[in-house]
Structure formats: C-alpha cells, structure tokens
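As annotated by Swiss-Prot, region 'Head' applies to 1-106. The feature region 'Linker 1' is assigned by Swiss-Prot to 142-151. Feature annotation from Swiss-Prot assigns region 'Coil 1B' to 152-252. Feature annotation from Swiss-Prot assigns SUMO1 cross-link to K212; the stated evidence is similarity to another entry. Annotation comment: Swiss-Prot describes 270-413 as region 'Coil 2'.
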Amino acid sequence: MTCGSGFGGRAFSCISACGPRPGRCCITAAPYRGISCYRGLTGGFGSHSVCGGFRAGSCGRSFGYRSGGVCGPSPPCITTVSVNESLLTPLNLEIDPNAQCVKQEEKEQIKSLNSRFAAFIDKVRFLEQQNKLLETKLQFYQNRECCQSNLEPLFEGYIETLRREAECVEADSGRLASELNHVQEVLEGYKKKYEEEVSLRATAENEFVALKKDVDCAYLRKSDLEANVEALIQEIDFLRRLYEEEILILQSHISDTSVVVKLDNSRDLNMDCIIAEIKAQYDDIVTRSRAEAESWYRSKCEEMKATVIRHGETLRRTKEEINELNRMIQRLTAEVENAKCQNSKLEAAVAQSEQQGEAALSDARCKLAELEGALQKAKQDMACLIREYQEVMNSKLGLDIEIATYRRLLEGEEQRLCEGIGAVNVCVSSSRGGVVCGDLCVSGSRPVTGSVCSAPCNGNVAVSTGLCAPCGQLNTTCGGGSCGVGSCGISSLGVGSCGSSCRKC
C-alpha cells in the first residue's frame, strides 16, 4: 500500500501507519527579553507499526513546549511490502482536534517573539550608538573643560589692566590737583594784584577829586579875577566919563574968560597915561593869571587823562586776566570733575569687572561641577547600558545555546525514532522559568505520557532525554523532577543517565 503525506512532498510506503496527522516537531519557548527560537523538522519514514501522539506540559510562566509527529529520515532503500487489510480500519488515535489552531497560535507567538528579538537587536544597536554618543560628549566636555581652564588668567589680566588704568587715573588726578593748587595760588596772586590795583584806583580817584577841587578853586579864582577886571574896566570908563564931564563943565565956566596961565608942564597930571599904565598892568596880570591857570589846568587835565587812560588800561588788562583766570578755573574745575567722574567710572568698572569675573568663575565652577556630574552620570548610564548589553548578550548566548541544543536534541530524537527506540524523555529547563519534561513514546499501541519537572536549574537551559545513546538505557530522573546541568553553568544537554561517561554537554 502506498500512502502519501505532507512531509516535504515525498511519498513512502508502509505496512500499517497510525499516528498523528503529518506535521512537524516543534519545541518553542518564551525566553528572557522576548528572544524566541523555532525549529521545524519534516520528513517521512516507514515502519510496521507506528503509534504517535503528543503530550505537552509546562512549568513556570511564559514557557510552553509542544511536539507533534516526530519524523525521521526514510531508509535509503524502500522495498515492496504486503498490506494487512485489517490495519486499514480507522483507528482512534486520540488526537486533539484543536492541534492545528494551537500550532497556528504557536506560529504567531514565534513570529511575535522573533519580532521582539529583532526589536531587542535594534535596541542593542541603539544603545551602542548612544554609547558612542556619550563617549563623544565625554570627549567634547573634556576638551571644553581644558579650554575653559584659561578663563581665570584672562580675567586676572583684564583686572590688572583696569587696575593700572585706575592707578594712571589716580596719578593724573594728583597731577591735576597739584595744577589746580598752583592755579589757585596764581589766582590768589592775581586777586591780590587786583585788590592793589583797586586800592590804587581808589587813591587815583581821590587824587582826581582833590585835583578837581583845586581846578575848581582855580576856576573860581579866574572867575573872580575876570569879574574884578570887568569891574575895574567899568570903573575906568566911569572915571573917564566923569573926567570928560568935569572938563566940559570947566570949559563952559571958563569959556567966557580968557586967561593965559603958563604952567609947568612937568606938574601936569596925565590921567590917560596913568590909566593906560594901570590898565596895562591889570591886563598883564590878567593875561599872566589866565595863561598860568590855563596851562596849569591843561597840565592837570592832561595828567588826569593820562592817569585815567593808564588806570583804565590796567583795569582792562586786569579784567581780561581775571576773565582768563575764571575761564581757566572753570576749565580746570571741569577737568577735575571729569577726572573724578572717570575715576569713579573706572573704579565702578573695576568693581563690576571683578564681580563679573567672580560670577564668571563661579558660573564656570558650577558648569564644571555640572559637567563632572553629567560625566559621572553618563559613566553610570554607560555602565548600566554595558551591564544591560552584557545581560542581553548573555541571554542571546544562552538562547543560541538553547537553539543549538534543541537542534541536536531533535536531530538525535529523530534518529532514535527512526531506529525504533521506545520511550523518549525530554526535559527542558531555563533560568527564567520552569522545566517541561515530556515522554515521547513510539510503539505499537502504547499512548503518549508525559511528566512535568519543576526542579530549578543552575544554567540558562538544560535539555535531557530519557535515553542514553551509547547504552540505550532509560533516564528516569527527569520524571522525578530533576534535570542534568552541565558544569559550564549556562546550558547543557544530557542524554541518558546511565553514567557520567554517556552524558553530553
């Protein structure tokens, strides 16, 4: 009889076949950090009597293992065999009708676990990039710290420059103060000179008043003399008229009498000559007095005019000097005020620069402390990331070892099933969950039984079978709840328990 199955599209013949529907043996797990492994085996085999089934057990959380249909490679040469008709009757294989749904769910779970594994790989890469970024930041902050160490000498140099400028300003202020004192002394001298000139002017004015009084007296005398001259002239005129009247009267009295009298001419009184002489004398006196008064008055006026001009010129020069000194005093006062303001500004700038320098230094120290704290935090974060990365890598290494272990286990079990060996005891353990042990039985009519092992394991994964490859003895220790763990402490595969010489790790 020829029977077709879905094992890789190959056909084989058998005398009688009873077993589960064609499928694959799948052992899955939900390990630490979502890393999944999947192994499927397909193939066909031939035998006289095959009874297959599965029984699944779980221990702990997030672990589940299933197996259905264990297949081994077909013999190299298939011969024609006779078919027992009685074996064609339908058999009650006690197969769960929901096995296909469970397998589909397992496929989806494996896909999700693979996606999580890929996400964890991406996360590892991202953490490596973050590690590189933190190293770059650390290098940058170290270089920046080296660059910021030159700020303090710059601030000290700038403060020293400002101090030198302040000293120069103080020296200039001292020099300006000495110049101001000198100018004040000169001003005091000019004030004294001005006071002397004022006193001289007062004296000259007093002299002018006295001379004016003298001139007034001379003018009054001149007026008196002129009045006297006029009075004398009037008197002379009166006497002349009187003399003429008397002569006329005498002539009228003697007109009728002719008397010849001879007189001595030397005894005659010549009034005209006398009057002329007196008049000449008075005219000479008046002329001399007038000339003397006019000359004295002109000389005094010229002298007073010269004195007034001289004192006015001196007063004008003194006023100009006083104005010049006032302008110089104002200019020097403004310069002194400007120097004081500049000195105060420079002192304020020095104080502000010192405050800014102190603030900048404190800010730089705070930033340095913050950068050191950030660097320390970055180092701690990097150490945590490295630890997590090592844990992830350890988990990945354990899962890789699990995958390799499952592959070797399935290959060995497949070979043993093909050779027709009886019960197979499978024990799977993980450090993040419990242990599942299943007994796979391939016999004529024996049902499949399984046992659950919940004993803890030292490594990440431990898988053992109840059959020893060299000696063919059964390992019953897994059914009791213990698993073989290799000395490496990570994962081990124990096949059989007949002795230490047949255990494989």
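Placement of Cβ uses the backbone N, Cα and C atoms for every residue, glycine included.
DSSP states for the region 'Coil 1B' (152-252), grouped as helix (H, G, I), strand (E, B) and coil, give 101 helix, 0 strand, 0 coil.
Here the region 'Coil 2' (270-413) returns a mean pLDDT of 84 for the predicted model. Across the region 'Coil 2' (270-413), the DSSP tally of helix, strand and coil residues reads 143 helix, 0 strand, 1 coil.
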